[in-house]
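As written in Swiss-Prot, here are the features:
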BINDING   12, 13, 14, 15, 16, 17, 18, 19  ATP binding site
């Protein structure tokens, strides 16, 4: 069974940077050693946003974007190696999620697409890469997402305490770690995605720092109720979603009914949308004693306060409080999934994704010996 140093690479739906994590992994433990966040050039970020909102590309443009993202991921890995004074031979493998540009797990031909050419990463780092983690689960009738609940269960489950792990990235997803029950998990809906999209369009800021805009505004209840009527929120699990659905166009369609509203009030309403949709799903899933939050949204104190207010009797905390960096959780998970793939172990949970069976995930891109 392969064990040793692994690197995880994650570029999520929030597009706030490439997260790279170094960890020692074996069958008994996952120990994080180092991490960094690598910036995504504005031009690449905009290109990804355009695809996710349905903008058409030529095959040449798509191929160039795939290559550019692969090079970006390789640069991020090499920066971490240099920082830690490590060589390619010191690393067993890289687990690279890739950049999701489309996720459509239902319909006649379900599919999901993550780009960032793994061949570029191997060629530029000299390290074996495991990538393309989601499509095997979809081929077996699953959603292909979320995959991280398996990792949450391995690290954070408790024999008697009802726990849930909430990742608030661009999309928010919930892992249900309830003693005596199969692990559950699904996407609750937008996390930071709509909040970030709104302030980017209105003020040119990548996110609402310290929730300043949201705190300065007031929740527009009719707008909130209008958004909450979206059928996704009442859809039963298993379910997953992404930027191809909850994007700026989705927000614009709802705002058409509310002309002339204060931008700060919209920001406050979007924060409340995230808090309400998450808390409703926690309660519908039977509630928990402890909700452990990770991802960028865990640093949004307004969001954390609203979750605590909407979930009385639940301890709302961060995964950092139990020793796992909330910023690095997903990258760490894909390092762990790479280890499982090389060990020939399944990486999905059918109780989460709806797949017909457990399966080894991913494709292996071997480095030259």
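In case you wondered, yes, glycine gets a Cβ from its N, Cα and C as well.
Mapped onto this structure are the features recorded in Swiss-Prot.
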residue: 12; record: ATP binding site; Cβ neighbours (10 Å): 24
residue: 13; record: ATP binding site; Cβ neighbours (10 Å): 25
residue: 14; record: ATP binding site; Cβ neighbours (10 Å): 21
residue: 15; record: ATP binding site; Cβ neighbours (10 Å): 21
residue: 16; record: ATP binding site; Cβ neighbours (10 Å): 21
residue: 17; record: ATP binding site; Cβ neighbours (10 Å): 19
residue: 18; record: ATP binding site; Cβ neighbours (10 Å): 25
residue: 19; record: ATP binding site; Cβ neighbours (10 Å): 24
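Those same-chain residues not listed among 12, 13, 14, 15, 16, 17, 18, 19 yet with C-beta within 8 angstroms of the centroid of the ATP site C-beta atoms are 10, 11, 40, 169, 170, 296.
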